[in-house]
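Accompanying notes for the structure given below.
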């Protein structure tokens, strides 16, 4: 199990880097018939207002709204390419200008995450969700009425700014609400809704555009956006936690959640038994302190949840974290390359399929998204829910201790699928083969993208939970910065190399990028130990 293994049965202070937690409490089999329990990490306080202590219904309500706005944002970012065939006529623009508009959108995405997320840390998640949703609402209806190329660029920039918040703030919300052993599944749901917005809703938009015109697709999106904005206004509770009392902590557990045993203590075996008994209460968490008053409905829906820390460090810390924490950089690289391949696939569909031998309508181009969507749906559950199951299995084999790199152990199949899917997609289109074959290639690509993205996003949360917001702001910035130049390069690359060589290159580049995860598997724990001091200096309990 490479560097992530815990050698022996106990951890010393030196061996407990950020992210290493006791996940499986394995009682002595002779005394308790081998019962096991999941140790909660992060360990909650006894405050009933802490989001980790919320009821399942409250968590579901909040996270369902996050999933809904995720679908909406990625719909807004994806549907325009479906309309290109109609927009070149209606707006009297060229495909090159539409590609430029896509790049402007990526500029907005790169700028927005750096600009908005510091406010989510300082003033709470709720106001940022509301502002970004309101801005998306305005641009949806404006997009339906544009007449000039300048308006097209402006609306794309504003949509990018509005949509940028989702990638980082959704991960902050997952860290706010859920324990380690649930986060993979929650990220699977997030990735699923991301792909619904990227692939499934564009199908409906393409069908509507063919029948009623592309402007009505934007109006329909605006109507859904208005509904979601009202739901956020009325039902979305602030998940930023500001403690009112000192939380209850399990005996002898430090901030990173690992029971530590100093090297000069006499008997490892007896200490482990003692630690096991001490951890007994952590399986279900401490009892809630009902003397602490529950927040009123008005307090839960407060527009601002202010904390006194300075805001300016949050503007530059994401870039600093991105380049000084290798796990964050590795995740950003995987995510950025995945979005690059997705952009290339979407652009090729929009540019090639209206032409012979396919001659597809916008509606038919939208239907080509079915394959990638199905593949990504399976991949998200593979990397998410299967990933959550697998970390329990690997933790049991590791004396009950969980290492975040364990989520990467099952990614060999997705890596091959991602590479093979890209190659199959490009080669079959270049040869004019039946549309079902590039759809299968797209499904393989979607499976690889969903699995790898889910596992890598969860890896960062589990490794450096206290700086999740800054880490994912850096990841989102890298992903969108990489994507800015891609629309400019697609047409020249296609003309110079042809689709076959282009996608073979994409496939093997993707495989090379995915192979960098081997370094995290082998050296990830060592890297977390080396960056522990920097992490603890940057981390805080109030963001």
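Placed from the backbone N, Cα and C atoms, the Cβ positions cover glycine too.
Here TrEMBL gives transmembrane segment for one range in the set 42-62, 63-83, 252-272: that range is 63-83. The transmembrane segment (435-460) makes contact with the transmembrane segment (321-353), as judged by at least three Cβ pairs under 8 Å among residues 6 or more apart in sequence. No contact links the transmembrane segment (408-429) to the transmembrane segment (187-210), because fewer than 3 Cβ pairs that are 6 or more residues apart lie under 8 A. Here the transmembrane segment (187-210) has Cβ contacts under 8 Å with residues 63, 66-68, 70-79, 81-83, 86, 170-171, 174, 216-217, 220-221, 342, 361-367, 369-370, 372-373, 376-377, 379-381, 383-385, 387, 446, 450, 453-454, 457-458, 461 of the same chain, all six or more residues outside its ends. Listed as Cβ neighbours of the transmembrane segment (321-353) (distance under 8 Å, sequence separation of 6 or more from its ends, same chain) are residues 78, 81-82, 84-85, 95, 99, 102, 198, 360, 364-365, 368, 372, 404, 418, 422, 425-426, 429, 442, 445, 449, 452-453, 456-457, 459-460, 463-464, 467, 470-471, 474-475, 477-483, 486-487, 490-491, 494, 499, 506, 509-510, 513-514, 516-517, 519-520, 524, 527-528, 531, 534-535, 538. The stretches the transmembrane segment (156-180) and the transmembrane segment (103-120) are in mutual contact, each linked to the other by at least three Cβ pairs under 8 Å (pairs 6 or more apart in sequence).
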